[in-house]
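Remarks on the structure that follows.
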Amino acid sequence: MLGQHGRGLTRALFTGPARGLARAGVTPNMLTVAGTVATIAVAVLTLPQGHFILGPVLLALVLIGDSFDGILARLTGTSSAFGAFLDSTMDRLADGAVFGSLAVWAALHLEPGPLRTWTVAIAVSVVVLAAAVPYARARAESVGASAAVGVAERTDRLVVAAIGVLAVGLGAPSWALTAALALIAVASFITVVQRVMTVRDQLPRAAQETRS
């Protein structure tokens with residue numbers, strides 16, 4: 001939801017800098033890979049250690065930069081199926097690093113007990129669900145349907161996670177992050193269900209009964 005509303009603002013802010021990158025010979029795929037490497041590095045080096053102010057700030061900067069690849073592709077006329085595939089694949093790796101790092105933090109820093117158990121379990125479930133949301137859309141498109149619906153896109157998930165992490169970094173109890181992760185998990189699950197139901201309504205019954 002947030003991603004849909006923010007794309008116009010992103011284009012307005014970053015078109016100028018993207019033109020500069022294009023003149024420098026930077027390609028969209030370069031930005032995609034560099035952004036993913038930076039996201040993974042920041043997540044792994046800050047979140048498990050509990051750097052809950054520095055980590056989200058650096059991740060926000062990296063993720064803002066992640067918007068440049070699509071803008072650059074449109075400016076240079078280099079949008080491609082491979083670029084879309086690469087971008088989606090790299091996003092899954094970056095998301096896994098972020099939420100996996102939060103699971104590691106919980107396992108290392110929370111006291112043994114229900115809160116630690118639930119936080120680790122929910123964070124791991126978010127890793128799975130964060131991959132399932134775009135997979136459902138991609139699989140829908142592969143069978144000729146559209147599944148661009150849902151309450152939890154990638155931007156939504158990352159913003160909620162950042163709020164939870166920053167809250168704990170600023171002194172909120174640890175369960176604030178657990179609650180944020182639980183919200184992401186529930187919203188992601190709802191999004192998967194929404195996409196499954198949407199595709200079911202679009203496909204003829206004969207196609208629904210065929211299994212690949």
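For all residues, glycine too, the Cβ spot is worked out from N, Cα and C.
As recorded in TrEMBL, the features of this protein are as follows:
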ACT_SITE  ASP91  active site, proton acceptor
BINDING   ASN29, MET30, LEU31, THR32, GLY70, ARG74, SER80  CDP-1,2-diacyl-sn-glycerol binding site
BINDING   ASP66, ASP87, ASP91  Mg(2+) 2 binding site
BINDING   ASP66, ASP69, ASP87  Mg(2+) 1 binding site
TRANSMEM  21-47  transmembrane segment
TRANSMEM  53-72  transmembrane segment
TRANSMEM  93-110  transmembrane segment
TRANSMEM  116-136  transmembrane segment
TRANSMEM  179-197  transmembrane segment
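GLY70 (CDP-1,2-diacyl-sn-glycerol binding site) sits 9 Å from ASP87 (Mg(2+) 2 binding site), taking the CA atoms of both as reference points. DSSP assigns GLY70 (CDP-1,2-diacyl-sn-glycerol binding site) to a helix in the three-state reduction. Distance between Cα atoms for ASN29 (CDP-1,2-diacyl-sn-glycerol binding site) and ASP69 (Mg(2+) 1 binding site): 7 Å, as a whole number. Using a 10 Å Cα-Cα cut-off from ASP69 (Mg(2+) 1 binding site), the binding-site residues that qualify among LEU31, THR32, SER80 are LEU31, THR32. Most Cβ pairs within less than 8 Å of the transmembrane segment (21-47), among stretches 53-72, 93-110, 179-197, belong to 53-72. Recorded residues ARG74 (CDP-1,2-diacyl-sn-glycerol binding site) and ASP91 (active site, proton acceptor) have their alpha carbons 19 Å apart, per Cα-Cα distance. Distance between Cα atoms for ASP87 (Mg(2+) 2 binding site) and SER80 (CDP-1,2-diacyl-sn-glycerol binding site): 11 Å, as a whole number.
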